[in-house]
Each structure stands twice: as structure tokens, then as C-alpha cells.
Amino acid sequence: MMESLKQKVKASHVFLLIIHTQIGVGVLSLPYTLSQASGADGWMSLILAGVWIQVLLGTFFLLYRRFPNKNLDQIVQTLLGNWVGNVAKVLFLLFFFLIDVLFIAILVRMLDRWILPETPSVVISLIVLVLSFYLARESLQVILRFLIAVTPVLVLLVTIATYSLKDANIYHLLPIGHQGIGTIFKGSLDAILPLMGFEVILFLNAYITGTVKAKFKMAVWANVFTLMLYLYLTLVCFLYFSPEEIAFLPEPMIYLIKSYTFQIIERTDLVFLSVWVVYIFTSFVMFTFICGDILKSFFKKKKRADRALAVFLLAVLCLAAYVWQIEERIDEYSMYLTYSGYVLLLIPGLLYILSLCMRKRDDIEKTH
């Protein structure tokens, strides 16, 4: 990978990069997911998931203190050699491929259900893929400008959610903790997938200027921000809908927004989703950018890397078209992706332990 100067961004920009990658299509169905896992105590599972992620960020920090200017795939190559490094790159590419497929499948399902029921799903997917292809080919600085431009959309989501508090019912949360510690703990594992996105720092580290401490300080604050936003939206839904109602609402946030009408806006859900699609598009672009960056390491010429990225996105479309046809496939696919995510998140810790062992071995060899 050739990190030219125009690709570099400041450590303070890590905050925006992470929250835009984390906050995607999953936020609209998160309360339903948590309710299915932990009932009315799902918000507690979410907090616990946030704690797990902060611990994982701590392991990332330890690893990157030893390799301050490298991405994760470069670290694997440094520690284990070129052959293993290239295999790791392919596996990382496969992981982000699966994320892109799930994103497209969920997005198509949501738009087909709420906004564009008569529009062919392939057309929607192609629009998203073509736009993301052209944006992901640009430098990280260009993508960052786009992220900044769409950030105010978050205010719209929070404003509508806050308006619904006038109809909140605190008794929907009671009794607190009645699901039990085991259920809450299990639910926290299910809550990690909607919070995924913080791991992009593993693959963008080489593009970020500043100290490792400054980068990961921003990463921690970004995760706290996303967690607080998710927690707030989850509690709003839990307060508005009863546990029995939310069990039948796959996208509680949209149903909540739809329940309110104003004098000049009758279908608030259509207005909101039309704007929200632009925001969640940034999440897909970030994952696609990382895929393109990994592909560049296999091709010396930019044109070949761009062609490879185009083929990559075409493959995303093909698999997504298979997944979105049946609702159960999306749920099953999400489960497999969650397990894959667990494996990816453990890799930095294992690499850190390996680097310590190799350092100790080198020290012993030097003394002899």
C-alpha cells in the first residue's frame, strides 16, 4: 500500500470515521434485535457490549504501540512473513465482502418494505454499488469531506426520537434485570454486530497522522458516542412500545417515526428514510474503501486495482441477491457474520502476544 500524503487524515478525524462506519442500517432494527435476545433488559446487554468493545480497543492500542504506522494486514506480514500475510489479506477481504453483502441485503429489504416496493431490488443495489465504487476510489480525505457533510442527519434522528418521549411509559422497562445475568450476557454478544465498525481503525491506522495514543483516544470517544446514541434510541423504543408490541416490529425506529404526523408532513417515515439512506451509505463506503485498499496491495497499477474492486462489488451484488430473497437467509447470514467478527476481533490480541514472544526470543538470542 502506498500511503501518499493526500491520503492522510488527522487523529481527530478518527471520531468521524468510526461513528459513520458504526451507525448504519442496524440502528433502525437494533431495539428489536435486543428485545429478541434479552427482552426489556436488552438495553443492559447493549451497555455490556459497549464495555467489551472498549476492552477490545485496549488490545488494539497495545498492538499498535508496537507497530504505530502499520495497518493490521501489514502487521501480520511483518510478524509472519509474506505468504501468511497475503493469506490474511484474502481473509480480511472476505470478511468485509460479507459485511458489504449483509449491508446491501438489509438495505434492499428495508427500502422495498417502506419506500420503493415497486422498484426492482437489483436497480437499488446497482445505484448504491456504483456510487460507492466511485467514492471508495478517492482518497480518504475526500471521503471524510462527504462524512462531514451528512453528519447533521443524526440530529434529525435524535430529534424525532426525543419528541416521542411525551408518550413514554416507564413501566415497559420494569422490573429491571428480571431476564437474569445469563440472558443479559448472551444478549451482549448479539449486540456486538450492530456496533461493528470500530475495527476500521485496524485498517486505517497507516493513513492517520498523530500518536497512537491520540488515535485510540478518539476511537474510544467515538465508541462511547455511538453507544450512548444507540442506548438512547433503544430506551426510547422500549419506553414507547410494550415488550409484546416490539416483538412484532422488525424496525421499531421506523414504526415510531411513522406514528407521528405533522400538518405539512403526513408520512414522516418516508421523509426520514429518504434522508437516512444517504447517511447509512457512508458506512458502506468505508468498508468498500478498506476492501479497495487491500486490493491495491495485490496490484501495482491503480487501473487494475479499480477493475478488481468493480469485480468485487459485482460479486457482492450476486450474493446479496441470493440473500435478500428470503427473510430467514438474512438472519442466518447475520449469525455467521457475527461469528466471523468475533474471530477478527481476537486477532489483534493474538498478534500482540506473538510479538511479545518474538521480542523475548530475540532478547534471549542476543544475550547468547
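First residue shown is number 1, and so on along the chain.
Cβ atoms are placed via backbone N, Cα and C, with glycine included.
Worth saying up front: this structure is predicted, and the values here are computed from it rather than measured.
Summarising the annotation, TrEMBL assigns transmembrane segment to 12-30, 42-63, 83-108, 114-135, 142-165, 191-208, 220-241, 270-295, 307-324, 336-358.
By the count of Cβ pairs under 8 Å, the stretch nearest in packing to the transmembrane segment (114-135) among 142-165, 220-241, 270-295 is 270-295. Ranked by Cβ pairs under 8 Å to the transmembrane segment (191-208), the stretches 12-30, 42-63, 270-295 are led by 12-30. Sequence-distant residue pairs (6 or more apart) of the transmembrane segment (83-108) and the transmembrane segment (12-30) include at least 3 whose Cβ atoms are under 8 Å, placing the two stretches in contact. Here the listed stretches are 142-165, 220-241, 270-295, 307-324, 336-358, and the one with the most C-beta pairs under 8 angstroms to the transmembrane segment (12-30) is 220-241.
Between the transmembrane segment (142-165) and the transmembrane segment (270-295), three or more CB pairs separated by 6 or more residues in sequence fall under 8 Å, so the two stretches touch.
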